[in-house]
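Asks: OK, TrEMBL features for this one:
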- 7-149: domain 'EamA' (DOMAIN)
- 184-304: domain 'EamA' (DOMAIN)
- 7-28: transmembrane segment (TRANSMEM)
- 34-56: transmembrane segment (TRANSMEM)
- 68-90: transmembrane segment (TRANSMEM)
- 96-120: transmembrane segment (TRANSMEM)
- 132-152: transmembrane segment (TRANSMEM)
- 182-202: transmembrane segment (TRANSMEM)
- 214-235: transmembrane segment (TRANSMEM)
- 247-267: transmembrane segment (TRANSMEM)
- 279-299: transmembrane segment (TRANSMEM)
């Protein structure tokens with residue numbers, strides 16, 4: 001059972017991210033500011049993880065001050081790359097496209113993670129072996145899928161549920177993005193995935209030096225909360241748009257803060273420690289399959305074979 005645990009956790013992580021794509025897109029469609037959203041998300045994650053980290057450290061009676069101080073510079077950089085920059089860019093690009101495209105573009109992540117792991121000698125590929133050829137073929141297919149997604153418009157598939165579960169009252173056909181806007185959004189998503197893949201690889205290296213996964217995670221959340229606040233203040237000076245409403249936006253904040261950042265980040269850290277960064281990134285295409293169904297059912301999105 002222990003040998004199967006990383007595979008089960010990898011699937012659970014993809015299910016969690018499927019929910020993130022759907023509820024985040026629903027919140028943005030209802031007018032939630034993307035920069036403010038990230039700030040509230042990191043606040044929620046910090047409020048959840050900080051008390052847990054303190055209690056765990058006291059319960060386990062471990063010295064936590066030295067590891068935290070030693071990892072602070074690396075955690076600050078990782079928070080900037082993986083949370084503040086990547087998530088803000090991802091959410092902005094999602095406003096231009098759809099939840100399905102957001103999930104599909106993550107297919108570029110295994111490519112980047114694979115290349116970075118090779119450069120840093122964290123991954124070994126033997127081209128003469130069957131497994132080595134399979135890795136290279138998988139990377140090529142992921143990259144090809146991203147280009148098809150951005151530039152090819154195929155036939156539409158009928159939504160599973162034509163009635164949105166998260167209805168948007170002010171939505172109209174005028175909000176349908178143009179082809180260039182769609183390509184720009186896809187490019188931003190790929191760039192966000194590049195930085196996210198970089199975060200995965202660097203995080204894996206950091207955990208080898210500081211194996212306390214909870215402290216590494218919560219330190220990044222706290223740093224990113226401060227960084228995201230600065231970004232949000234600069235990007236959105238109308239503080240009336242910072243008000244929280246009792247709608248899907250609040251659900252999205254709590255879900256992405258508590259479940260995605262709070263739970264899945266810790267699970268990712270554990271999975272990377274056990275199997276390495278490439279193993280985790282290679283499961284991203286599974287999230288695409290889940291998101292196609294969920295976005296069609298809950299958001300009423302029309303999925304195309306292509307973009």
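Numbers run from 1 along the shown chain.
The backbone N, Cα and C atoms fix where each Cβ goes, glycine too.
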Asks: Under 8 angstroms, Cβ to Cβ: which one of 7-28, 68-90, 247-267, 279-299 has the largest number of such pairs with the transmembrane segment (34-56)?
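Replies: The listed stretch sharing the most Cβ pairs with the transmembrane segment (34-56) is 247-267.
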Asks: Any chance the transmembrane segment (7-28) and the transmembrane segment (182-202) have 3 or more Cβ pairs under 8 A, given the pairs are 6 or more apart in sequence?
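Replies: Contact criterion not met.
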Asks: Give the one range among 182-202, 214-235, 247-267 whose Cβ atoms make the most pairs under 8 Å with those of the transmembrane segment (68-90).
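Replies: By Cβ pairs under 8 Å, 214-235 leads among 182-202, 214-235, 247-267.
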